[in-house]
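For reference, the structure discussed in these notes is given below.
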């Protein structure tokens, strides 16, 4: 029986909440499309503080893989197709249909652009599926490659080089997009370091926990320092906020380590709620952007008090997504929409 690691339950829930907060802050910026000057700059830096959600999910996904497996079979891939790729496609069908009605465009156009090409918020799943295949290949070659510091360093150099030239070299950018058919956010080279970082941490998990027990404060200081490095490298485009950026790689990576370290100190705090958020996190990730606009139409009345706005919006989004998920969970067929994790919840029957 696999050991239940409470810190990872808390970690998954917190990352899920961080992604929602990121999208809520984006909604505020989009509402004020004429924002400029100091207000725009402040919004830019606040949004980037919490932009690490998607990279953290990539790191966590691979950490869990190398932590829980030392060898894999073909079933490793088929399970992820059933419970990750199929839900992505089914939710994408629903999203494409709703968007076709909203924008008065064809369903086929919406489905191809969004789901197949990855030009929607669900692009993250396209990235994750590529890493599942890469992980399977590495397992078949040699599991111990996940412990390679050389591979970790090379992946960092590759990711940073790719993102730097993709951002700053127009010819390189245009060439890549000419030959790569999907959304630019799904290019594996822009996320490859997070994959190997998660793999390395999963392989050395107990050592990582021991390190954090002693040096968590130092990692927090490093997180602050790397964010100031990002500020120093900012190029003046205060509308574009993305984790697909070379200047944020150190910050995103260290923030994952920091949050993991903080989560090791949580044992029972709000555990039932945290457990539900963690179990439904994949479904929340796919569903919440669909309802975000409608919910924002109400909660933006609290915008002048940012903390109240975020708290109420977060409460409603999590409540709605988990509520829908709990109903779907009653029918086993919906595992192809909500994934398999919700069915592992230990909920008392009355």
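For all residues, glycine too, the Cβ spot is worked out from N, Cα and C.
Swiss-Prot lists transmembrane segment for one of the ranges 169-186, 187-204, namely 187-204. Outside the transmembrane segment (187-204), and at least 6 residues removed from its termini, the chain residues within Cβ reach (under 8 Å) are 55, 58-68, 127, 130-131, 134-135, 138, 146-149, 151-152, 155-156, 158-160, 162-163, 166, 176, 180, 244, 249, 252-253, 256-257. Below 8 angstroms of C-beta separation, residues 66, 138, 173, 176, 184, 187, 189-197, 199-200, 202-204, 244-246, 249 of the same chain, each at least six residues beyond the ends of the transmembrane segment (145-167), sit close to that stretch. The listed stretches are 7-29, 79-101, 211-233, 269-291, 306-328; of these, 79-101 has the most Cβ pairs under 8 Å to the transmembrane segment (116-138).
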